[in-house]
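This report concerns only the one structure given below.
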Amino acid sequence: MPSTERVAKVVLVDIEGTTTSISFVHDVLFPYAKNNVQKFLEESWESSSEVKQIVRELQQVPQYAEYTATLRVPPKEVDVQVITGFVRYLIDKDLKVTPLKTLQGLIWQQGYETGELMGHVFNDVPGAFEAWREAGLRIAVYSSGSVAAQKLIFRYSIVGDLLTHLSAHFDTHVGHKQESQSYANIAQSLGEDPSHILFLTDIPGEAAAARSAGLQTIILQRPGNTPLTDDQKYSNELIADFSSLHTLQLPE
């Protein structure tokens, strides 16, 4: 079915490589968190119960033992220096660990609120959001980044506040993005038949997982995205941007 004839009730969008450039995430957000984590922890270590909980959760992930084993002197206690080093270790390895994502979101929040950060979105995103909302569709987000971090990108975007267009947010608490059950969980949470949800992503494995749960899927080929193999191109519907989806309509 051509994109121009497609119907749906919900558009579920990925962020990195779909609404937002991969370079913004990897070249701006990740370095910002890495460079500011020690200062953030020093300021909140004693005063924030949320940070204390994140620190406890970080110590429970499998990579924590791996990291401490690499240290010349094993730490006798957990302190700012140890957690700072571990967070930077996780960022360098691009590991999608839930407490890391939560901590990054808190650090980024400070950056957005001070104006040091502004969320990148591609030029076609605002118009598509408006068109889908006007057509009566709901827009939801599913990203490995925490819900808080998702909201910051759209609230403090380079084109202004886009958060009002979004009706739901999902992160790894609902499941990993290449697992079919995650998309079944999202459909259940949204109260929609999976076939009425259109998932937009740049990752073939995510698209395959969503399709196996009954969702419609399209893969974005944005600048900077990982090139697709011939088999991936053949087995997926592909678009370069959202412009061909402005005519999305609700099912009759």
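Glycine too: its Cβ is placed from the backbone N, Cα and C atoms.
Here is what Swiss-Prot records for this protein:
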type	residues	note
BINDING	ASP14, GLU16, ASP202	Mg(2+) binding site
BINDING	SER143, SER144, LYS177	substrate binding site
Cβ packing number for SER144 (substrate binding site), 10 Å threshold: 18
Reduce the DSSP letter at SER143 (substrate binding site) to three states and note it down. coil
Residues within 8 Å of the SER143, SER144, LYS177 Cβ centre (excluding the substrate site residues themselves): ASP14, ILE15, GLU16, LYS96, TYR142, GLY145, ASP171, THR172, GLU206
Let me make sure I understand the span of the substrate site: among SER143, SER144, LYS177, what is the greatest distance between any two Cα atoms, in Å? 8
Give me the count of other Cβ atoms within 10 A of the Cβ belonging to ASP202 (Mg(2+) binding site). 20
Using the Cβ centroid of ASP14, GLU16, ASP202 as the reference point for the Mg(2+) site, which residues of the same chain not in that list have Cβ within 8 Å? ILE15, GLY17, THR18, THR19, THR20, ILE22, SER143, THR201, ILE203, GLU206, LEU220, ASN225
Mind giving me a neighbour count for SER143 (substrate binding site)? Other Cβ atoms within 10 Å of its Cβ, every protein chain shown. 25
